[in-house]
Amino acid sequence: MKQNSVAAGWLSVLCAGLGQWYNKQYSKGLLFVLIHATGVYLISTTLLTKIKGLITLGDQGQHLEKVGKIFKNVPGDHSIFMMIYGVLSVIIVALYIVFYILNIRDAVAVGRKRDSGSAVKGLNNDIFPWALLALPIIGVLFFTIMPIVFTSLLAFTNYASPNHIPPKNLVDWVGFDTFHKLFNMNVWADTFTGVLTWTIIWAVLATVTCYFGGILVALLINQQGIKLKGFWRMLFIIPYAIPQFVSLLIMRNMLNEKFGPINQYFRYFGLEGLPWLNDPFWAKVSVIVVNMWIGIPVSMVLVMGILTTIPKDLYEAADVDGASAWMKFRNITMPYVLFATAPILITQFAGNINSFNVIFLLTSGNPATMKYNNAGQTDLLVTWLYKLTLDFNQYNIAATVAILLFLIIAVMSVLLYSRTRSFKEEDMIQ
Amino acid sequence: MNKSKWLLVSLVLAMVFVLAACGGKENNDASSTPSASAPAATESASAPASEEAPAEEYLPEEGAKLVVWYSASEKALVDEAAKLYKEKYGIDIEYQDVGPDKSIEKMITDGPAGVGADVFLAVHDRLGSAVQAGVVLPNDLHGEESTANNSDKSVEALTIDGQLYGYPMSVETTAVFYNKDLFPDTNGEAPKDWNGVIEFAKKFNDAKAQKYAYMWEVGNGYWSWGFFGGYGGYVFGKDGTDPADIGLNNAGSVEAAKFFGSLKNLILPIKAADIKADIKTSLFNEGKLAMNVSGPWQVGEFKKSVANLGVMEYPTLPNGKPMMPFSGVKGFLVNANTKYPIAAKLFAELISSEALQAKNFELFGSLPSNKNVAASATVSGDPFASVFLKQFDNSTPMPKIAEMAGFWGTHEAALSSLWNDGADAQTTMDDWAKKVKDSNAAAQ
């Protein structure tokens, strides 16, 4: 009785589609055979060489040859292209293997159905939604997975200026050398730990200040007896509405120690003013304060929305019990706001770790320091990454930093999120 | 069970798409990417040429079409050259806006993929990286003419290991603009040496009214190099080609660093990072700045805003030597991956020719590298261009080896600590040299 499933299974192992054919699913079998044939053809003709290229990364770079008076360009292997094609080929081969395994499972499953005497359907109309799904699957593979894999792989090569830039020079696999460099070689290690420390301090401070600043402003505006509420709301939202490219560059000029208006006001009152962007400490203060100016409106709008959802009777009950304003805030408002915004707080934290605009436009990572390699005192990991790739072409170090940055953000987000009450007590608010 | 079946079906469809796409790509690879077809084109073009070796006539490839990168503000020059080229060879030129400051970076990433320009303008200081990455062709067909027609310094700047790569176009260096109206005591003449500048600053500087005697972008190695060069300092030895020989902490450099650091209190009591190009320009335009260090590209702008504008070479240093600022040489380069190398070389030669360099000066005031154009009455008689060309003779072309990245990665920190904190000259320069060395070691 089991013969059908066994036979179909083995036939499918022999060649994808044969089992389906045996199961009398002719069109499906034909499709599978075709895919099998294309797959085998592509793997034997090109994919295997491409995968080999991924392993060797080429053995002869492009070079010039002189013929008579003229130099002729002799093309060679381009390690980075080989890497991209190699990764693509691996993905295609992996897809093919998954297809092959599922094909066998399908043949066996249909065979079992036949063994047990139930009817076998061919390809039918329900295919449509799955046909639609095929496109996103390809999209995710090639536009999400592929670049991530490619970037991660760069961290294990020596792809960096000046000596390993294709097409003339080849890039080689160096294993964990780059990580080793980043942690042990003085210039890199000092920069990495210094920049990482400031990145975390910055992310915590920026998140906390904007968040509580936003709550404070929202509560203030919502107080009874505050007039012109609409006006205040508009006033506070304006910084958010101006593109940061404009406002931050203006801020940068305003904070100029010698020529900036802020210090000129100070001087007007007989004070010397502060070295806003010139001193490492004050530069850090400056970016955090300016970031509050940009970030508070977001939390403010958010909190204002939440405040309207808190049932009024809670406050009335509290009034009856004679609770002070602080107690009401502590026991009613704050839990509600925290509960609703905790997940957003975490995304803000992760966002602040990667907060490129504020740093890049306001200080460009300056003030410069001799202690760091290719980074300044206010550089975050992400702005350092920018400098490493676009200004200094240190792609392998940059890829390594990117991987570490990703790990940090992922781990922190997961840890924080799993600790929030919105995750633990999902049904507090119905 | 149902689920796995559907997964299977969608996977199948995914596979069909993928395999189809992949098949398409393979064909593409073989037929249209330049890496595969370029050699064929080169061969067919150069084969007849090399047979009749002494013959002068090289003709562009059949069906050639060239892409040229040049900065947008000076597009008119490319239009002019494209017109002449079209008349001569009947080939169209497509213009794209990529400035000389970023063309080589872009060529290193885009060139090998077949989407770079065939001919592009670049500044010589990134040439080392370009040659090391193998993205430019040598100037072989017109090497002799280029060498004979252009100034030695400009040819030297575009040469690596004895091989000329570029087609020299223009030179660029910095000098001192001054506002004649602010020097009434000396008949509108600015002081010619540093003692004079310091004396003048004592009278003229007024921090409250924001009046300053002399200003340059202190924290930037490009603008501050004149001091170090003038005292005999150098970044890399053997004319900037030996990365093992770092001259940032030699006796001359340290001497220069001392003098450089002392100037903050004497003439310019502002922190390095606060001096920005736009602030400097606006102070000069308002008549609050007497001497302004800048380049020939601002001549037109200053002429409009400053009634009595003058320009002079840098003030002489206290040791009696002239300052040696960095200079840049702009030249055209040919993409190594171009499909039409001969056509590209012919265009590079045409656009950097004597006639078009003269046109370039006429249109934008760019200083010509061509000897004849530089000597012509229009250029040598120009009160601004002639000074800049003289200053170019007293200048150090920026080193062009790839290791300069180590210098550019550290210049701001080193100069700022000398300037802002009055750091010890010897220690800072030793640090700087070590830093450049370290950063090059780290990049290996």
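Even glycines carry a Cβ here, placed using N, Cα and C.
TrEMBL: automatically predicted annotations, no manual curation.
Annotated features, as they stand in TrEMBL:
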type: DOMAIN; residues: A:196-416; note: domain 'ABC transmembrane type-1'
type: TRANSMEM; residues: A:29-48; note: transmembrane segment
type: TRANSMEM; residues: A:80-104; note: transmembrane segment
type: TRANSMEM; residues: A:130-156; note: transmembrane segment
type: TRANSMEM; residues: A:195-219; note: transmembrane segment
type: TRANSMEM; residues: A:231-251; note: transmembrane segment
type: TRANSMEM; residues: A:281-307; note: transmembrane segment
type: TRANSMEM; residues: A:336-362; note: transmembrane segment
type: TRANSMEM; residues: A:395-418; note: transmembrane segment
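Proximity of the transmembrane segment (A:231-251) to the transmembrane segment (A:80-104) is not established, fewer than 3 Cβ-Cβ distances being under 8 Å for residue pairs spaced 6 or more apart. Here the transmembrane segment (A:281-307) has long-range neighbours at 198, 202, 205-206, 209-211, 213-215, 217-219, 221-222, 233, 236-240, 244, 247-248, 251, 255, 274-275, 333, 336-337, 340-341, 344, 348, 355, 358-359, 362-363, 366-367, 377-378, meaning same-chain residues at least 6 beyond its ends whose C-beta is under 8 angstroms from one of its own. Between the transmembrane segment (A:395-418) and the transmembrane segment (A:80-104) there are fewer than 3 Cβ pairs closer than 8 Å, counting only residues 6 or more apart in sequence, so the two stretches are not in contact.
Non-local neighbours of the transmembrane segment (A:195-219) in the same chain are 236, 284, 287-288, 291-292, 295-304, 307, 329, 333, 337, 341, 345, 348-349, 352-353, 355, 372, 375, 377-382, 384, 408; each lies 6+ residues outside the stretch with a CB under 8 Å from one of its CB atoms. Within its own chain, the transmembrane segment (A:80-104) has Cβ neighbours under 8 Å at 9, 12-13, 16-17, 19-20, 32, 35-36, 39, 42-43, 46-47, 50-51, 53-58, 141-142, 145-146, 149-150, 153-154, 157, 159, 166, 171, counting only residues six or more beyond its boundaries.
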